[in-house]
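What TrEMBL says about this one:
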{"type": "TRANSMEM", "residues": "A:12-33", "note": "transmembrane segment"}
{"type": "TRANSMEM", "residues": "A:40-59", "note": "transmembrane segment"}
{"type": "TRANSMEM", "residues": "A:65-84", "note": "transmembrane segment"}
{"type": "TRANSMEM", "residues": "A:96-113", "note": "transmembrane segment"}
{"type": "TRANSMEM", "residues": "A:152-169", "note": "transmembrane segment"}
{"type": "TRANSMEM", "residues": "A:199-218", "note": "transmembrane segment"}
{"type": "TRANSMEM", "residues": "A:279-296", "note": "transmembrane segment"}
Amino acid sequence: MSALFDILASAGLWAAVLRIATPLILGTIGALLSERAGVLNLGIEGIMTFGAMVGWLTVYNGADLWVGVLAAALGGAMFGLLHSALTVTLGLSQHVSGLGVTLFASSFAYYVFRLMVPVAGTPPTITPFQPLDIPGLSSLPFFGPAFFNQTAPTYLAIGLAIALAYVIARTPVGLAIRMTGENPHAAEAQGVNPMAVRYGAVIAGSALMGVGGAFLTLSAFNSFFPTMVQGRGWICIALVVFASWRPERALLGAILFALFDAFQLRLQTVLNGVVPYQIFLMIPYLLSIVALAVMARRARVPQALMQPYRRGER
Amino acid sequence: MRFERREHRSTLLVIATPILAVVAALAIAGVLIALAGAPVFQAYWKILTSAFGSRLSATETLTRASPLILTGLAAAVAFRARLWNIGGEGQFYLGAIAASAASVHLFAGLPSLLQIPLLFAVGAVAGMVLLLVPLSLRLRFSVDEVVTTLLLNFVALLFVSMLIDGVLKDPAAFGWPQSEAVDAAARLPKLLARSRLHIGLGIAVVIAFLIYFVQTRTVFGVQSRAAGLNPSGAVFAGVPLGRTLVIVAMISGGLAGLAGTIEVLGVKGYVTTDLSPGYGYSGIVVAMLANLNPLGVVLAALFTATMFVGADGMSRSMGIPTYIADVTVALSLLSMLVAVFFTQYRIRR
């Protein structure tokens, strides 16, 4: 028991929690934004992969780290545009279109990466984001290393989640998004253009997913390798349900999830050899499934989610 | 500009759709090849000759097509009933490991004629079980099965990795994580001598015809289609929705598990974590390219296998990353979606 307590009391664990949570926060609020407008975006896994690749490649070619983040956002937005064209304009199945976007975005990312970076024994690296030194806070005992020793994108992610919670709940734009996700016909009757809202939400959401992927290559690690996203996108989709489609809960959900993940990583070193490591690696995926099963009935689903909107057609 | 539903679809249009979609995908992929600085037509010619230019390459392409037919059918059967089984990859691996373990530890020594069908059953059941979990979550807790089947793929692969690094590890493999080789009697007979091509191809094609028959000629075929087109309407018409979905899931998961079984018994004889280069995921593309038609799946699987085998050869000689095959296959899925849309709708100004 004391071993477990030691893990929970270490500042390193809590620092890891925020680090692990960052891509999940960004991916989850991105997916949440487009789902609140009524569009499920299963392109997330591929968009995160592409964001991770293009962000890294931009920096590798000499650009500033923030330019890399911007490139990832633009890359994500590009695939968001593709997904909206297929699901909003044409009204195709959001499931199949999203999977198609994932397959395309990830294979395109691998293709571009292989083309630009020849095969090498050790993968090339960049200098990633360094932890920010916040005067006063970073030097606090325990709390400093635990919570105020993160890189800038982590604070950005938390800020964006809070901002999105405000925008959705309190602003006219948020109201238009919610109306479009609940009842696009009523929204149109109120002078909102549901098509435009859905396009905007999917594109902005995909940009967030792209940045979430870029965090992996620009901050958490310093190189890109295929399959590095490892299902994080799918976990984000599960977290949206767990958060009952609310950004503030998505933030908490992602952090809670990261806590479990960071905890199991440390437990793995304690129980090394007793329990096969694969068991620990399964935990995040199983946890997502359990979260879905617990929350799916209780969550408030946007009523028009996955329903294409065609003017004059019911 | 708006879209208007077409009153009727000509057969020509329906047949032309996948061809147009593939041509569009090849054209876009051609731009990517050109951007990489290679001559496009030469590259495509190289893909074709690398996939069919010799006896070896042609049999290799057919060998690659066999599991794709089965995973494609697994997806097509499920999608038709709007059961979004994206877990083909996990079911493939679970089928493979279950069959190889059963061959080594249960049925070793049994004659081929008895052992192989038993192993097929074991592998299919393993795939079924993995799909019944997300289905029961959907029926009991209304959990969307897309996400759960996707997540279970990772769990299944880790589970297989744990087994072949643990209890099922081959002690004679110099420490490499792989399962013990299956009994010699469990290996599938070859279709052609001096090649890797095994009877799995024939089995897959026969199953495609069987499913075509079931879907077009039986009550269950109509029920599963109705369950997908309009679930509440289907219930109203007396279709037992839950039971229909369970049977669909058993067929779909079973086919994916069988795909893994046939791959391990037909090609390698033992399981590693790179047994499948994404057969489960490619199966989704195959199903969509075939517009969920079981006979179309055979052709779509052949196209997909051609791209993968051909791109390997093209990549080696022209320096274009092999990922171009994945890009082309993904693009043909997207363009197929658009093409199918335009067989159903026309543009009105």
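Heads up, the Cβ atoms here are built off N, Cα and C, so glycines get one too.
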Region pair the transmembrane segment (A:12-33) / the transmembrane segment (A:96-113), three or more CB pairs under 8 Å: no
Top Cβ-contact partner of the transmembrane segment (A:65-84) among A:40-59, A:96-113, A:199-218 (pairs under 8 Å): A:199-218
Same-chain residues near the transmembrane segment (A:199-218), Cβ under 8 Å, at least 6 residues beyond its ends: 22-27, 29-34, 36-37, 39, 41, 43-44, 47-56, 59, 65, 68-69, 71-77, 79-81, 83-84, 87-88, 126, 128-129, 153-154, 157, 160, 177, 180, 224, 228-229, 232-233, 236
